[in-house]
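Now, the feature entries from TrEMBL:
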COILED    359-386  coiled coil
COMPBIAS  893-903  compositional bias 'Low complexity'
DOMAIN    266-462  domain 'CSC1/OSCA1-like cytosolic'
REGION    879-903  region 'Disordered'
REGION    935-968  region 'Disordered'
TRANSMEM  59-78  transmembrane segment
TRANSMEM  223-247  transmembrane segment
TRANSMEM  473-494  transmembrane segment
TRANSMEM  538-560  transmembrane segment
TRANSMEM  580-600  transmembrane segment
TRANSMEM  621-640  transmembrane segment
TRANSMEM  742-762  transmembrane segment
TRANSMEM  768-788  transmembrane segment
Amino acid sequence: MKMSPFELEHLGQPSREEAVRKRRKKLLRDPTGDLLNLTASPQAIGSASAGVGVYFTSLYMYCLLSLILGVLFIYPFYLNISADGWSLGYELVSRYVNGTSGSWDCRFTSSALRSSIIGMVPRSTVGSFCLKSPFTSALACPSRCVYDEAEAMARQPWWEDPGFGPLDTCAEREGLLPVRQPHRGTNASSLPGMCLQHLPFCAFASEYCSCCRLELEGGDQAGYPVAALVAMLAGQVLFVAWVLLLWKTQIYVAEAVNRDIVTLPDFSVWVKGLPDDCTDNRRVADFFRHYGEVAACTTTASVGEVLRSSRRIDSMRVDLAELRARAAVEQGQALGGPGGTGCCGGLLRGLYWFLLSGFGSASQAAERLERRIAKEEQRMAQQEEAVVSSPRNSVGEALVTMNYEAHKRNALLDHKRDHRWKAVPGGVMKMIAPNRHSVPMFDGQRIKLQPAPEPSDYIWENTSTKDRRRRQVLGWLIFLFALGVSATAQYFLAAEAERERTRRLLFYFEQELGREAEASGRLDGLPSRIFDTFSRNYVGWTYGLVVVVLNLVVSSVQTWTSSNIESWSTASGREGSSVVKISLFYIINSFVIPFLAAYIQFEEGAGLEEGRLRVEEDGRTLWYINGGVIVSMFWIQVFNTFLGDAIALLSPFTLLNSLAFSRYALTQEKLDRLMALPQASISLRYASAVKTIALGVLTAPVLPISPLISLVGLVISFWTDKVIFLRMAHVRERVSYNLTKAINRVLIVLPLAQLLLMRFVYFAGQPGMREVFIAGAVFWACFVVLPVRRVLKIKRVQWAEDGGTGNQSYEEMFGHRHTAATQDGPDDRRLPPALYAPAVPEKVCGERFIGFVESHFKDQPKEPLMPIRELMDNQLQSTGMAATEPPPREPADSAAAHAAAGPPQVPWAMQAILGSSHIPLPAASGLGAAPFHNPYAAVRHTDQNQPSPAAGARPSVGSGYDAPPPLV
């Protein structure tokens, strides 16, 4: 493995500038080819990526919601601060069997104790009202502790004591019952005696027979203000109205982007359900000629396994070249590559080469990698032979490109009319309606049509997956398993934190009473010391930090699962599945589990087992004091506001590759890969925004400052995502709008969830809550059941909307004279951007496979196939016959008027949200605008000085397939 002097001189000196140049080429750009500015509007971003533009529009709307709720909840916040009903301690009441009784004031006035238990956050919560509720703390609110001697005499000790028999009671043990003091204490000198004699703590034998039972004071008349409940109901009504505005805005922006950016899907349909042996492109094209002219047709061949193997081989060859260069360095034939010096630089260099070569020298690692490459090449050769020679290498799908957008709508309309039966499985359909075939059949088989995805959205590597449904079920199982593990760990953490809060609170009370020895003994005698760091506020913020970390871990697992196991056909489908799972996990992990753990601890009697605190059901929990679950939710929101976005912005693994490991690369290809932009995941960012909104909405009734925290978090997310999507990540050009459908379904459930929490947890039993609940539930049910969106025309019918083609043909806009689209590397076979075809690494794949891809995907008719006017069985007349004619062109005067009118106007109600009264996107094709410089949306404009072809004129038929029959 000797190298020439020239190679040795230049070894280890790859061009970082070249890697940066390639990195910048992947960033989103505006129609002129310049990088988008960080202050670009969502509509300008939508010109480069429609899905990302809709995402930033949605963030505007999310901020608007948080602002509305934040203003609305100022009134409950003011009421909570003003109430300040906190009171540490209790009134002691003693009742004796001889009929006498007494009461003593055992309340504490220590400012240190008050600041330890009650801070600013608890004061801003509903806990300030000290409502008659199980979730109010009797130790921090006005309460009394009742000692009943008759009840105490009948108690049986819970501890093991050889002096006690199995049925012995306190009355049968001399010295355990306290001395009767039937008088009222009115001065401080009586506090230590009686307050220390009768405590609500029963952890030790010396206090068990003398402890009292805490009862929360107040009654049914002490309730939460009904006006505040009505304000919360108004917030839910505004939330539903906001959802309608959100839908309308998203649809408006998506339609505007689709109308003003002409791409291949504006002419194409995606066919599913074809026979497995259907590999003849012409056979499928003839079916769709009944709807109009066919410009191109490609049945999806099973090339996924070959493409995956070729990518792996290509990656291993890059690593092999790097290892060979390293072996030359080890042999002393060349100088070491660039990199850091010192301890840190040496560690990073060692880590880089360890990850690349493992244990042993670089030459040994290179030999191992060569053997792996040979095995993978042998396997890929077998896969290529199977694809090329098998007559059944189709996956039952096809991508058909019509010559006119109107002809595409003909096909979709003819098959979408059977929407009422689309959810019925084929076997069930045959039983309930054996003779029902309401749509045209392809060779006797029912097919499904839907709008085609963007070429960049289609994942060719997954076309060979036959068991996709099983893989997606497996993905759900992995997600549920990760959710279960996280929920279990978090539940035990929350339960231990709840017990720790009780122990710490008792510790402070006993110190205040002057029982330092008992307080220390109560704390030192605990069996577990794992969570000693949990103390006061530390319980809350430590728990919030754990929640954020668990969110990051499980979301990473889901991202890996969706990319490597579930095998989605499109990136939009993969993102749509991930956004539902991750959003649900974020909400469950950040809100449901903490509340569920606290509620279960309440049901089991939190504090009774460890601290032996005797308290009635009302006033039993510690939710609202420092370290309680409500304060923990505050810290969860705070960490969610800053930490999640900071981690997403820093992206530790990406920074490690681009800033650290890239300094030690010895070959240009390896440096290019280390410096490459990571693929942006819009589903993670959507899920993070939904989590922020959910935390603000669900905790707002008891923590009114939550919507404002959410607003701050969303503003930070907005600018963080601007940096990520425009400067730090590779974004697919055309992510589907449909991603927002699942998100909006999650959002509409939040008002109902808030209402249920108010009725059965937060304000259970409060005056007026029942009426507020009924009104809110009826309103929400009417919104869900009644066709509100249909009446208000808030619905996007994507397959039927105007794609902005101006009735121009595919051949005129795209044709086959365009230069090839740049793909992922210099070795990729270049195909015209107007075709659906995979990018094949030319130096990795065999010539037979490359020839197969060329002939199957690229060999299309040079000119469109003429239509067949004869109707198929069950075909609608409105989709065939005369409808197959080329649509009439827009008159020249109308086109000029359209061009003079400028960009489409935005309704005034949306101007404040969208930040502009117009959409600054390229005008539709044919109107004299500059072309959009996206390789998958290269709009070719006709010369306005040339006359348009006459209506009905047809070009001659090409020879991409066999010679077609004459026009019928």
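Backbone N, Cα and C define each Cβ position, glycine as well.
All annotation found in TrEMBL is predicted automatically rather than curated by experts.
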For the transmembrane segment (59-78), the candidate among 223-247, 580-600, 621-640, 768-788 having the most Cβ pairs under 8 Å is 223-247
* Asked: Do the transmembrane segment (538-560) and the transmembrane segment (768-788) share at least 3 Cβ pairs under 8 Å, sequence separation 6 or more?
  -> no
Per the Cβ filter (under 8 Å) with a sequence gap of at least 6 from its ends, the transmembrane segment (473-494) is approached by 543, 546-547, 550, 553-554, 557-558, 561-562, 565-566, 577, 581, 585, 588-589, 593-594, 596-598, 600-601, 629
With pairs fewer than 6 apart in sequence excluded, do the transmembrane segment (768-788) and the transmembrane segment (742-762) have three or more C-beta pairs that lie under 8 Å?
yes
Taking every residue in the coiled coil (359-386), the average pLDDT works out to 88
